[in-house]
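Some features that TrEMBL has for this protein:
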- 24-45: transmembrane segment (TRANSMEM)
- 65-82: transmembrane segment (TRANSMEM)
- 94-112: transmembrane segment (TRANSMEM)
- 118-139: transmembrane segment (TRANSMEM)
- 159-177: transmembrane segment (TRANSMEM)
- 183-205: transmembrane segment (TRANSMEM)
- 267-289: transmembrane segment (TRANSMEM)
- 309-327: transmembrane segment (TRANSMEM)
- 334-357: transmembrane segment (TRANSMEM)
- 363-388: transmembrane segment (TRANSMEM)
- 400-423: transmembrane segment (TRANSMEM)
- 429-451: transmembrane segment (TRANSMEM)
Amino acid sequence: MSPTHDAVPAVPTTPTPGPHNRRLTLLTVVATFGGLLFGYDTGVINGALPYMTDDLGLTPATEGVVTSSLLLGAALGAFLGGRISDRRGRRTMILWLAVLFAVGTLICTFAPGVGVMVLGRVILGLAVGGASVTVIAYLSEVSPAERRGRLVTQNELMIVSGQLLAFICNAVIGGIWGEAGGVWRWMLVIATLPAVALWVGMLAMPESPRWLASRGRFGEALAVLQQVRDAKRAEAELAEVRALAEEDRAAQTAGWRDLAVPWIRRIVVVGLAIAVMQQITGVNSIMYYGTQILTESGFDRDGALIANIANGVISVLATFVGIWLLGRVPRRPMLIVGQIGTFSALLLVGVFSLVLPEGVGRASVVLALTVTFLAFQQGAISPVTWLMLSEIFPLKLRGLGMGVCGLMLWIVNFLVGLLFPILVAGIGISATFFLFAGLGVCAMLVAKAIVPETKGRTLEQLEREFKQAGDPAATAEVTR
């Protein structure tokens, strides 16, 4: 370690009371409206799709295209969003994303046919993917180390809250106006309201202090830190951030070549594995097609819409539990336990779908098991996924690294969304869930093999530890 590092004062880890805590809370609430939109726009299709199928004449293949087109856009949005936020700033990127959310929603709402609907869903996907990496990067960079887990996972809470809101709106609108034509348009247009709230709110929020420091704007970075820390801690934290930022600025501009550096390559492999593990469980087959799963299991359409709210409720409650656990439990074992719980629930869904006759009884068992699955997924796997992706990458590569991992996450998500209705039509619902259960076992084994522990360290400490673990002789430069 260089002498510069030895001169950096230790950053206090004990939170202090004061107005800065309220400002940090407000900043978190405003930024996570991006997560709320992420959740609503991915969840609303669950209940809107049956009505959309009737109005637009969708087949199982075009259902998959309409659903997964958002996910394809999200893959591109995650990659581009991370890169653009590295160049233009986290706050600026979130403002642009709010505009994309509104534009995409309006295009979908007024779509006259499948082609325009797919275009609108792709635009929404760009916003969803960009938000999936930019919001958590922003939150991780403004949060103190001891509160980072809870604050970053507030975004996950808002994602599942957005999905729950979508399920409730679907059930209410479908129950009251279900016989009217174009009812799905009202389900979709609601998302314009949080998009406007996000844009207006972010106008009053500061830029990420770590991004400002990475651009050499240390005075502005200190001013932002003083808004969300007490004065003494703000100065100590800036000293640590500044030391690392100056090292990175002495290196070449971050780019693709940096990803080949051995210690960074290891981080990328871990990040890609975490991203794939979060999606390979098939969680979004339930979040996108839950109503259809329950209908095929034995509920009527209105009953399935109402019952599907249980999936949204448990997702929100489990996320609260996950946030609580992240303050007390190491990340790695939490991820592994979540994997064990999810593949066990999926295995049972497959078994009972095979042995029980179609009807309300089978549908009730399937609902109970999907609720159990989501308790483990949203209470363990999802919070750890987004938090660790925001923690493991070095400052100058955080946007690029998270973008690459976000790209992979959304590609897998896209494949799940596209293939699920085709798999169910081709091999049946039981075999489809057996497939997801098997993939879940593989994910658990990979997690045990390669995922590191990150709890209780500042972002700068993690960066130095990864450097030393990957290359004990690493100097201050990432590239030369």
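Cβ coordinates come from backbone N, Cα and C, glycine included.
All TrEMBL annotations are machine predictions without curation.
Remark: the transmembrane segment (118-139) contacts the transmembrane segment (94-112), by the rule of 3 or more CB pairs under 8 A. Within the same chain, the transmembrane segment (159-177) packs against the transmembrane segment (183-205): three or more Cβ pairs sit under 8 Å, each pair at least 6 residues apart. Scored on C-beta pairs under 8 angstroms, the neighbour of the transmembrane segment (400-423) with the top count among 24-45, 267-289, 309-327, 429-451 is 267-289.
Counting only same-chain residues 6+ beyond the ends of the transmembrane segment (429-451), those with a CB under 8 A from a CB of the stretch are 269-270, 273-274, 276-277, 280-282, 285, 293, 296-297, 331-332, 335-336, 339-340, 342-344, 346-347, 349-351, 353-354, 388, 420, 423. Below 8 A, the CB atoms of the transmembrane segment (183-205) and the transmembrane segment (94-112) form 3+ pairs separated by six or more positions in the chain.
The transmembrane segment (309-327) makes no contact with the transmembrane segment (94-112): fewer than 3 of their CB pairs lie within 8 A, with pairs spaced 6 or more apart in sequence.
With a cut-off of 8 Å between Cβ atoms, the residues of this chain six or more beyond the transmembrane segment (65-82) that come close are 41-42, 45, 49, 52, 58, 93, 97, 114, 117-118, 121-134, 137, 288-289, 398-404, 406-407, 409-411, 413-415, 417-418, 421.
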